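Asker: Structure provided below as structure tokens; questions to follow.
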């Protein structure tokens with residue numbers, strides 16, 4: 001059987017082979033061409049049953065090949081017998097048969113099964129209606145919707161002196177009862193019967209089936225009006241044929257299906273030798289990542305020449321899709337995306353909130369980061385042109401905040417009021433950029449810039465996650481001096497005896513009558529007579545370390561500084577989460593379990609990894625650092641309020657001077673926002689609802705007003721989290737033929753996942769009792785996974801690997817066929833040098849000019 005690739009019934013007739021590319025003898029195609037030239041041909045036949053088709057085919061034979069009436073009746077009776085199909089059985093059916101059949105394992109006395117031949121006589125004729133086995137056949141799930149069946153009947157019969165060949169095309173698809181393996185309308189039939197001839201007829205039948213699965217020949221076969229049109233189609237097929245020399249490969253080997261197939265249009269237009277798949281990522285269609293030309297549609301970035309013309313065009317483009325932006329989110333995949341991105345956003349908010357608090361004396365802290373992320377992200381997802389974008393604080397913004405706070409302290413200025421005026425100026429400049437359609441400059445961002453920026457942000461994610469993990473060794477020191485052999489000498493007790501006179505006192509233990517729970521202690525002083533008092537004994541076994549220190553005691557012993565290796569288990573959770581995320585994401589292309597299970601596991605990969613790591617942490621019970629979110633809605637610094645007033649604390653001229661640093665922040669916001677928007681709107685993602693560069697910039701600019709007035713952090717598009725959001729919403733074809741890889745259909749474009757993420761972020765303050773059970777190393781492992789995934793999605797990663805590969809081991813990439821290798825290496829090295837320069841800038845005080853350097 002064939003859908004896209006060939007499958008054979010294995011020896012023993014009990015299972016189908018793995019799908020493979022059919023390898024045909026060249027001679028079989030020549031024989032097929034002869035059969036079509038000399039045999040019966042009926043085009044656009046009006047018939048409703050298989051019997052009617054056979055009668056027409058036998059009655060309209062060419063005169064030189066016409067059969068005698070007796071042979072005709074005998075041949076018709078043979079063709080109308082019910083064929084025996086090999087049903088696709090489930091695992092339960094196979095196990096049931098294995099247990100019930102008495103003749104498994106070829107026991108002596110049991111007959112050997114053979115595939116049915118034309119000479120074996122089935123008992124029944126073809127039914128006019130589909131059989132129950134056809135209707136229940138699970139294989140129909142693999143058949144694409146709208147498909148039709150073609151039937152190839154070849155065989156060897158003793159009573160024919162000359163071969164009988166017929167090609168029939170019905171005017172419309174007709175259900176031919178129980179003829180097919182599954183119940184489908186049929187349009188084409190090919191029959192070839194003749195005297196025994198070694199494998200000749202079988203190979204001609206395979207050639208015919210292979211031609212009918214070829215999209216170009218299908219088009220010819222459907223439109224052919226004469227016999228010559230079909231012959232021309234075969235000639236065109238032969239023109240594309242590539243011959244493998246018989247001594248250089250094993251003809252019995254089965255060629256596995258390729259990951260990508262060239263489209264019929266490209267087969268017609270270009271030499272097929274140059275159309276091999278390339279690229280290393282699973283994120284793109286064939287050739288998208290290395291294809292020349294600009295990756296975006298020009299219509300979205302063309303200038304209209306009118307004020308706010310680009311913005312109005314964005315609104316008109318996105319308005320018709322607004323309703324579907326909510327309906328398209330009704331899919332289980334969106335639930336996994338919400339949970340995944342929510343945890344990433346919360347971790348990011350805590351990380352940046354903590355760093356902002358350190359940089360600004362808690363004028364902006366973790367709570368402000370939570371509220372700002374929730375409110376700004378919610379508003380952006382509701383009104384933006386690309387709602388798949390996730391807003392977040394970024395590194396350059398953090399550097400600017402640190403410099404601004406230091407400047408304000410040095411010059412006795414109110415930091416939040418100064419910052420308010422800068423934010424208002426940035427919003428004004430942003431609206432001016434939207435009005436003048438400055439976003440059309442995005443068309444000049446090339447792959448060089450996009451990849452450098454994306455690689456930098458991805459490396460920052462990877463570096464920060466590793467840096468956070470290494471810092472755990474300071475908070476939870478590793479016990480390098482602990483030796484298992486010395487365990488008998490280790491002890492730790494709590495000493496609660498304190499000096500009662502801070503100036504001069506002594507403790508003397510007297511010999512008292514033995515009491516079970518009382519020590520007699522005398523406190524002596526030179527100026528006073530001795531006095532006796534009773535004191536309960538120190539009970540190290542009954543007091544914890546914290547209780548002992550709280551009561552003023554101190555610890556005595558050689559193992560008092562021992563703590564469990566929290567750092568070690570934290571690294572295990574960190575690495576385990578990363579590896580588990582990666583493995584479950586790849587589970588979609590695994591060979592195990594049905595496709596529905598694989599898709600479900602892959603969609604919820606990150607959530608399953610987090611839950612598994614949290615369960616391991618809970619079972620071990622070690623005090624690993626946990627996710628701590630604010631539990632009260634009040635400013636981190638009690639000296640500030642929720643509304644920042646523009647006048648009162650600073651001189652009047654600050655509102656004018658603020659325009660100077662606002663220019664730098666405007667460049668920063670514009671570059672950060674638009675480069676991320678360019679990466680998210682690449683053609684390879686197959687987005688259907690269009691982009692909104694001007695609308696997105698307007699939303700970010702207006703949000704600057706909101707966050708500045710309320711003293712919340714400034715927000716811009718987060719590249720890595722946004723890429724992770726899109727990757728978690730990938731759509732693939734639900735049905736695929738055996739051997740065919742699922743087709744990437746695009747991204748599930750909608751607003752609901754982003755809205756849900758930011759709503760959950762806002763209410764996280766009330767979910768602190770639940771979130772406190774999530775270890776931070778697990779979330780750092782998710783960060784590492786996001787950074788590595790984003791880094792692997794760019795072509796730069798491929799070209800860096802080429803630098804380390806000998807030429808003979810390099811993959812067959814398309815650009816290596818057309819660009820000299822030294823040019824590829826030169827391009828890569830320049831890109832790496834620019835990336836290193838950006839990294840150095842980011843790590844110094846000069847990070848404020850980072851956007852200009854981009």
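Any Cβ shown, glycine's included, is placed from N, Cα and C.
Pulled the feature table from TrEMBL, pasting it below:
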{"type": "DOMAIN", "residues": "1-251", "note": "domain 'Band 3 cytoplasmic'"}
{"type": "REGION", "residues": "271-300", "note": "region 'Disordered'"}
{"type": "DOMAIN", "residues": "306-854", "note": "domain 'Bicarbonate transporter-like transmembrane'"}
{"type": "TRANSMEM", "residues": "337-357", "note": "transmembrane segment"}
{"type": "TRANSMEM", "residues": "369-398", "note": "transmembrane segment"}
{"type": "TRANSMEM", "residues": "418-436", "note": "transmembrane segment"}
{"type": "TRANSMEM", "residues": "448-466", "note": "transmembrane segment"}
{"type": "TRANSMEM", "residues": "566-584", "note": "transmembrane segment"}
{"type": "TRANSMEM", "residues": "604-622", "note": "transmembrane segment"}
{"type": "TRANSMEM", "residues": "642-670", "note": "transmembrane segment"}
{"type": "TRANSMEM", "residues": "691-716", "note": "transmembrane segment"}
{"type": "TRANSMEM", "residues": "752-771", "note": "transmembrane segment"}
{"type": "TRANSMEM", "residues": "778-796", "note": "transmembrane segment"}
{"type": "TRANSMEM", "residues": "826-850", "note": "transmembrane segment"}
Asker: Thinking of Cβ pairs under 8 Å, which stretch from 642-670, 691-716, 826-850 has the most of them with the transmembrane segment (418-436)?
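Answerer: When the Cβ pairs under 8 Å are tallied, 691-716 comes out ahead.
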Asker: Give residue numbers and ranges for long-range contacts of the transmembrane segment (778-796): same chain, 6 or more residues beyond its ends, CB-CB under 8 A.
Answerer: 279-281, 283, 289-290, 340, 343-344, 346-347, 447, 450-452, 454-455, 457-462, 464-466, 468-469, 573-578, 581-582, 585, 606, 609-610, 613-614, 617, 627, 719-721, 723-724, 727, 828, 831
Asker: Check the transmembrane segment (642-670) against each of 337-357, 448-466, 691-716, 752-771, 826-850 and return whichever range has the most CB pairs under 8 Å.
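Answerer: Out of the listed stretches, 691-716 contacts the transmembrane segment (642-670) most.
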Asker: Which of 448-466, 604-622, 691-716, 752-771 shares the most C-beta pairs under 8 angstroms with the transmembrane segment (337-357)?
Answerer: 752-771
Asker: Under an 8 Å Cβ to Cβ limit, what residues of the same chain, 6 or more beyond the ends of the transmembrane segment (448-466), are close to it?
Answerer: 351, 395, 574, 675, 678-679, 719-720, 723, 780-781, 783-784, 786-788, 790-791, 793-797, 827, 831, 834-835, 838-839, 842, 854
Asker: Under an 8 Å Cβ to Cβ limit, what residues of the same chain, 6 or more beyond the ends of the transmembrane segment (691-716), are close to it?
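Answerer: For the transmembrane segment (691-716), the sequence-distant neighbours (Cβ-Cβ under 8 Å, at least 6 residues beyond its ends) are 296, 300-301, 308, 310-311, 313-315, 317-318, 352-353, 356, 363-364, 368-369, 371-373, 375-377, 379-380, 383-386, 389, 391-394, 397, 401, 416, 419-420, 422-424, 426-427, 429-431, 433-434, 437, 439, 442, 635, 640-644, 665, 668-670, 672-674, 676-677, 681.
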Asker: How does the model score the domain 'Band 3 cytoplasmic' (1-251) in terms of mean pLDDT?
Answerer: 79
